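Q: I'd like to ask you about the structure that follows.
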Amino acid sequence: MGLKSKKKVAAKSSKKAAVQFSASKPKSEGADYLPLEGGPAKSIPKTENKENKATVLYIGRIPHGFYETEMEAFFQQFGAVKRLRIARNRKTGKSKHFGFIEFMSPEVAKVVEECMHNYLMYEHLLQVSIVPPEKVHPRLWKGVGRSYKPVDRVHIERKHHDKEQTLEQQQKLVTGVLKRDQKRRKRIEAAGIDYECPEMVGCVQAAPKKIRFTD
């Protein structure tokens, strides 16, 4: 077989392979490669960069005194802040030292994560990380615009302690005090201690008398 015949055979084989590839290739133009195990051509799945769309940041180890007003003023140097929330105790209203912040732009959120992670502030290393959009809880920003006012337990207990008592309640209170005083006297005598305890003076108020006015 001469050189010309070899070239013709190679050209025919290349054309046949091109025809087979074109036949196996689907009509859609999205095919990118031909699998080695055979079959129709496939396309590479497109992966969306979800991190670029994330605008919510988790902030942990927040120091004392670095609260909503201070945080908003501090993080505005990077970009516009959309929402901000610090987790607080329901009873006392004190900070739980972690919170969430949302920026208007995902690029700003990425820059804040890179700059502020492990940032030393008031002897605390801030822990900043991006929260993916699929992991943001739907009730995360509930009540974010309202200021939390904790229940004043001291005021409630003071009001309960200082309320006016009826005569029956006062007598019950004095009776309990006298019973405890008698038990205390018996324990002192059983211990062999010669001590005269002062007498307890009751403060039972007399029942108010009705005053009748004559014409």
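The backbone N, Cα and C atoms fix where each Cβ goes, and this holds for glycine too.
What TrEMBL records for this protein is below:
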- 1-15: compositional bias 'Basic residues' (COMPBIAS)
- 1-47: region 'Disordered' (REGION)
- 16-25: compositional bias 'Low complexity' (COMPBIAS)
- 55-133: domain 'RRM' (DOMAIN)
Q: Give the mean pLDDT for the domain 'RRM' (55-133) on the 0 to 100 scale.
A: 93
Q: Counting each residue once, how many in the domain 'RRM' (55-133) are helix, strand and coil under DSSP?
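A: Counts, helix then strand then coil: 20 helix, 33 strand, 26 coil.
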